[in-house]
Amino acid sequence: MHTIVVGLNYKTAPVEIREKLSFIESELPQAMEALQKQKSILENVIVSTCNRTEIYAVVDQLHTGRHFVKQFLADWFDLPVETFSSYLTIREEDEAVEHLFKVTAGIDSMVLGETQILGQVKKSFLSGQEIGTTGTVYNQLFKQAVTFAKRAHNETAIGENAVSVSYAAVELAKKIFGSLQRKHVAILGAGKMGELAIENLYGSGVGKVTVINRTFEKAESLAAKFHGQAKSMKELQCSLLEADILITSTGATDYVIDYELMQFVERLRKGKPLFMVDIAVPRDIDPRVGDLPNVFLYDIDDLQGIVEANLAERERAAADITDMIGHEVIQFKDWVSTLGVVPVISALRKKANRIQEETMTSIENKMPDLTERERKILSKHTKSIINQLLKEPILQAKEMANSPKANEQLRLFQQIFGIEEAVEAEVQEMTKQELERKERAQATQTSAEPKYSF
């Protein structure tokens, strides 16, 4: 049994390759079911977003597992393997486990520390659970990874502070005004940067939105998205008097708001603070405006400096999380190592319980006059003796499972307790149950062959 991750992401493949290997979200369950039918695949979860497509799989052999995952991708997307193989990254064993923890924690994302990927991984995992493509190993691993990601975000600053210019503008506005509730934000320019800024401010609860643009129709279109009002450039001075926050992003080659205009506006505002963000290049606002009282002016370089400082904070947090992941990988490996000892412990317990039951039967035959209460007392104490005797051997068996010579030591353990045949029966029963689980999962599918997405 081996764990692998086969996939590509924004680091390894350009968007024109990523879009060819991107699963439609509604077809992910169908894709995982189709992959589960492939040779060598024991469990699988597929994670597919705009920035990554990754197949997490438990396989019986590494070489065949890699081969059949690649072939599955080729068949599903109707692409020759050689057209995308060079963009794939393959991770195995500890590296594969570590990668999942990094992805869920957001430290492998384009936006360091983002949490959207955690929800996407969780959704794929829950889908795999529902349709039966996950089993003992991935049920444990993905639950551990999701739990860890939440803890990492709670215990570090990985998700704090803005790492985009538009978010930095919101962060600054909150520092100046505290709450943005009932604040009036005006946007000068109806381009993409202005839209991003207003989107983030609107999401933070601003009360009123005004869009000012040379082309009134564009102003109307953008304002409608945020239940705001549109104004022409002729109404700029009035908007400066009314707004609490102004964000400028025009394509003008000279200052749209000069020092003299703002001197006049500032006097009429009578000390009311105005937060101004100039994200235009060239700048829309005369930098001397920042010298006026109660005017807080920031340009693109100021915001970029904040973003870089915040990103450095997140990178330090990411380093801390990477250290934490090392402990998580060890913890998962320790858990996996106990899987081999499960049938041994189960067989030992069953033998001990059988001896206890046979002993009770013998006692009852020789002492037929025992009351029900006496039988219960004897049963309770004989079971207690059995449990106390088993405690140390079970602990030893678990330690053996972590030993480099685990197979030899566990074989000797089975011989000492005379449970070799019982262990083999336990292994066969567990294998049978796993096969039945897979058959039940496949039975829920339609009788038709999987529909591939072209």
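Every residue, even glycine, has its Cβ placed from backbone N, Cα and C.
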Stretch carrying region 'Disordered' according to Swiss-Prot (options 350-370, 434-454): 434-454
Statement: By Cα geometry, the one of the recorded positions (HIS99, THR115, GLN120) nearest CYS50 (active site, nucleophile) is GLN120
- request: Sorry to bug you, but what's the C-alpha spacing from GLY189 (NADP(+) binding site) to GLN120 (substrate binding site), rounded to the closest Å?
  value: 34
- prompt: Under a criterion of Cβ-Cβ distance under 8 Å and sequence separation of at least 6, what residues of the same chain contact ALA190 (NADP(+) binding site)?
  reply: VAL211, ASN213, THR215, LYS218, ALA219, SER221, LEU222
Field: Pairwise Cα distance for MET193 (NADP(+) binding site)/HIS99 (site 'Important for activity') [Å, integer]
entry: 33
Statement: argmin Cα dist to HIS99 (site 'Important for activity') over the binding-site residues SER109, GLY189, GLY191, LYS192, GLY194 returns SER109
Task: Could you find out if DSSP has MET193 (NADP(+) binding site) as helix, strand or coil?
output: helix
Query: So for SER109 (substrate binding site), how many other CB atoms are inside 10 Å of its CB?
result: 20
- line: For SER109 (substrate binding site), the spatially nearest of the binding-site residues GLY189, GLY191, LYS192, using Cα atoms, is LYS192
